[in-house]
Structure formats: structure tokens, C-alpha cells
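Taken from TrEMBL as is:
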| type | residues | note |
| --- | --- | --- |
| DOMAIN | B:30-296 | domain 'Thiolase N-terminal' |
| ACT_SITE | B:127 | active site, acyl-thioester intermediate |
| DOMAIN | B:305-425 | domain 'Thiolase C-terminal' |
| ACT_SITE | B:383 | active site, proton acceptor |
| ACT_SITE | B:414 | active site, proton acceptor |
């Protein structure tokens, strides 16, 4: 008569950062208990930004350190070559590198973007490189030891939301944004353009009908990219044949702001956005939603899978809260 | 700068179409996990004719308890839609307890605290009562008052015939619209045919189509998935009473054609144009149906299959003398509220009280007949008044099971004394 009981859901770890709304989060690739939060005062619309370094223990979540910036921090990236360094990208176009063993000022700073920088990604193959995406309509590739960017990529009309290194091919970078188009760049060619010749993407494809606000490369299948955005649909693309998505997942009632593949399962990804939910999906063989959480009370802009603990998902929101919970 | 940021956020939030918003899946959604019915059997001549009203209601409740797939004690409330049942609140509460809500062994029942049983309420809005039960449960869940609820529709027209309107106050009878409230339903059917120039041919054609679709569905075994067999007493030729398991609808007439129906004489000589016949009106029938509703969160927690999401139910009023056209008012009201058009809807289940109102509603709303009552309607299956609203959900969700491309489903019915109800469901069954 009775169906098998649902597995008990362990209580979510929750933490609140009064006065600061969250836009992004990243688990440290070096420490299994460390999360960086990209935050800003006044929902990131106007005012200071802050990077929160959060320590996660069975007892709860604690801010062990924070770094203030002049403008909202929209994204962060851990330095893949240095366990204590984290890059913050800011609303005023500035990039700031903080060392979490120090306090106060950044250890490095760059400023080339002319509008909000909303995406940051550290290459996990070429560990000296990182990329940024900006509303100024460009993506830039940077080297940690150079004062200026290596490359500027014209990412199409409108705001760029995502610039991501392929986890499989060191010279491959994807960009996506407001024009709804995914562009794949071969950094070996774009790094040395002939004078007067604009950089050209290696390929580009229209990824769905709407503006793209988030993307992520699959960690297991080379060339597989997930995109999501204004139409609330998560799409999976095989970039070798992007004529149609290999999976489409509907469920979000409003635009999506983050999508991320599981680091532990080839066919599981998570998404979150303006409908305040975070959803976990299986993409193959048939796409399906396997979990929804709706614990946030504001736009859920930040989402990330833990790298060391399988199934652990964190979300953070304009409601100033960070939630961590165990998924299937 | 801040302005640009606000504009960007506003842009992200703009321009999503209504349909995709309705199709979104959220933990707070109200979902249907079970929708089934008893066989529908002809009043006074069918398989249920010897069962008492109480016995049939208890069997309906038992069928529900055994088929909901959860511990009955988890149910927060039961709402029974029934129109004619005398002493309905007594009958419904007693039947639920008799059927085992909650499911407790007898020894345990003796020790149960008074708070340990599932409460019962009845609701009566004539022919929409079964749907009103669903609406009532759905609203209680949406309000957070309960997490799981059972909607039941029930009518035993063998034992509880419709004796028409009672005597009204003089003040009511002084009004034309008040006097219209005395009109038997057959009269209102003739009014619809007369006022809107519905031809007898069109009515018989719809009725024949309903019969043919139901016959095909019955032969294909489609109804077996929505029917829960029930065991009722039946008098034998020798006067003894035997308990018999009833598994099939018995009102579907095989081989019905429009030509055949055209030969039947009008039933209401006194009310022109006298186009309504025993063949193109709903049958008088006994039966029950039940729909289990809960939040999506609860359904996932209990690992239950989700058949559909219940999105909304609306009712509206109209002139009592043409009560049959209720769906032509209630369906646009529902769709307007949700920002949809009739083109967005993939399946319709509209109660065939009379062929006159069906022909009118399908034509008025411009519906594709191939999307309406795909397995036949009340002309073939029968119209146990309080049961119908819940029965339609069982039938249409069963039809939608083999049509996963059919996403949005509307059920609707006309309601005596000039009302209409309609409800929107989102089919979540995949093949």
C-alpha cells in the first residue's frame, strides 16, 4: 500500500550576510570546505561590493573573511594555481585579486572593461590564464602575470554574460550573451590577429530563441555545452553539430541566471534564476527534472556544485542567504 | 549605471509568454496523482440499480481508498460533490468512515483519538459538483491548509431521482428570471436549440459521434485504465441477492448512427422546437469518481506519479433559460484570466448534458471537434450529476496518457439554473 518512504533530506546549511545580496559563488578547488561568494550592497544595483570567503563545517556556514570593493562583485574565480587567491570581477569594470591569507587590499588589479564585468572563469588547464565577460560587449583573456589583457574578443551585439575555457581543450573558449549566440574561439589564432583584421570566432551558432545569461561546459563529454537564459529553458548543445539542442529542459517560470554541470555526473546539471528556485536536471537519456528547491525568497543568482563532495549543491540569492544542501 | 543595471534585470524578466509560465513546474503546484472512476451504469436499469445510495457511495469511497496509492491517514480533507443524495453530509461522512478513512484495523479504531480520522465535506453546485470538489481541495492545498486532499464526485440517480425545482418564494416567481429557475433541464435544451438555430441533424450527428467514440474506446479497452471495478448487490431472477463485481460502463450503445438517432421522437412535445431526444441527451446514470490532489513537493516526496497539474478553475453565471451554453461563457473566462486562447488548448472535455448545448458551444468557441471529448461524453457514458466533474478529469487524463503532446487540457460543463464551470490542467504524463 505505502510507497517506499522518501530518503530523508538533511537540513540545509544556511547563512545570511546582512546587507549584501549574492550574484555568484564558487567552491574552492583546493579546500573542500571553502566557498567564495560574489556580493553587493543594494542588490548590486548601486554601492559597494564584497567577496565573502565562507567556511563550511557540519556545524554551519561561517564567513571567515571578506574583502570590500568599490562596486558590486558580480562573479569570482579561484586561482587554479594558487590556493589562497580569488579573483573578483566588478560592476565598474575592475578586476581585483585577493589573497585570503591577507586582509584589506588586493594583491593584483586590472581595469580594461568599460562596463559591468559579470563573468569570470579560470582555465583549469592553462592555470595561468583567466577570462572575463562584460556588458561592454567583449570578453577578455588575461594572464595572471601581465598587467594588461592578452586578448579582447568581440562577442557580438549587446552584453556578454559568459566567457568559459573548455575543460578539455586548452585553447578553446566559449562566449555567450545577449544576442543569443554562442561563439567558440580558438585562442591560438585570435592571439595573433593580422593588423586590421578583426578577431573571428572559430564557429558560432544561435543557441535558442532568447538572450543567453548562463552557460557551462560539460566536464565529461568534450564539446558539450549547456546554455540558459531569458526564456527559462536550459538547453544542451553538442558543439560538433549545434543545429539543434540535444536536450531541452523547461521548468523555470522566469529567466535563468546560472547553469552548472555536476562535477561528478556526466548527465546531471543544475540551474537557478529569477523564479527563486534551483533545479537539478538529468539530461540523458531523456531530460527530466529530478529536484527543485525553493527555499530562497529572492532572485537566486548564484549556484555551484561542490567539487569534493558528490551531490552537494550551494545556492545564493538576493535574499542575502547562502544555502548548501545535499542532492541525489 | 544603476539605471542600466535595473533595465537589464527588467529586460530579463520581461516577455515570457503566459503559456510557458503555466507550464513551469514548481514545488507549490497542485498536482493530480490519481484520477479514476467507477463504471457508469444506467439508472434503474443498469448494474447499480439494486444497490442503495449508501452502498454505492461506500463502494466509491472504498475504490478510492484502495487506489490512491498512499496511506489514507495522510489525507487532510475529503470533499464530496453530490447533487441529489438526501442527507448528503451524513451519507458522505458515514461512508468515508465505513470505507476506512483512515485505514486503521478495527482494534486500532477502538483506541483512535478523535482527531485521527479524515474529515469530510460535501459541495453542491449541481452538475459541476465533482469539479467543485476538486477546486475546493485544490484551493485548500494552495492556501496551505492541507497538503493532500481527496475530491470525490458521486450520484445515485436510481435511488435519488431529480424531482426538479422546489416551490420558490412569490418574490422570485414575480421575476421572469426567477420563473426561469423552475424550468426542467430538457426545456432549457430546447431553448438553446430554438434561440440559436441548432439543427436536429447537427445534434444527432454529435450524439452519434459521442457514442461511436465511446464504443471504440470501450472496445479498445481504453476505459479499463480509468475504471475501478466495484462490487454491488444485484437481485437475481429467483429473488436472491448476489454481490457482483461490475467492471464496465453499460450505457454505451454499440452501432449508433446519426441516421438511427434521427428516427427517435422528440422527448418534449410541450417545448418547441422539440429536438431533444433520448438519443441526443445525456443518460441518467449512477456512478462515482475520485481525484487525489497534493502539492508537487508532496508527490515527489512520496514518489507518486504526477498525472497533471491543476492550474485553475472558474465559474460564471448566465441566463437560467439557456443554462446549457455555460461552457461557452466559462471557458473564455478561464482562458482570459490566464492569458490563453482556445488555440493553446490541446484537449477539451465538455459535459454533454444535451447535444444542443454541445453543438452550440463547439461552434461558438470555434473548437476543433477532434479535440473535444475524444473518448465520447455523457451522451454515451451517462451524466451522474455530482460525479461528472470528477469523472471528466479521470476520462480526459486517461485519454491524455496516450497523447503526451497534448499539454493543456480544459474540462467544462454547464450547470443548472444558468452557470458554467471550467478548469485547466497541464498534462504531465509521458509515454
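Cβ from N, Cα, C; glycine included.
The shown structure was predicted, so the numbers you read here are calculated from the model rather than taken from an experiment.
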## Note on the structure
Across the domain 'Thiolase C-terminal' (B:305-425), DSSP yields 54 helix, 31 strand, 36 coil
### Query
C-alpha of the residue listed as 'active site, acyl-thioester intermediate' to C-alpha of residue B:414 (active site, proton acceptor): distance in Å?
7
### Query
Given residue B:414 (active site, proton acceptor) and residue B:383 (active site, proton acceptor), what distance in Å do their CA atoms have, once rounded to a whole number?
12
### Message
Let's check the environment of residue B:383 (active site, proton acceptor): how many other CB atoms sit within 10 Å of its CB?
### Response
26
### Summary
For residue B:414 (active site, proton acceptor), the number of neighbouring Cβ atoms whose distance to its own Cβ is within 10 Å equals 33
### Message
Restricting to the domain 'Thiolase N-terminal' (B:30-296), what is the model's mean pLDDT?
### Response
94
### Summary
Reading the DSSP string in three states, the entry for residue B:127 (active site, acyl-thioester intermediate) is strand
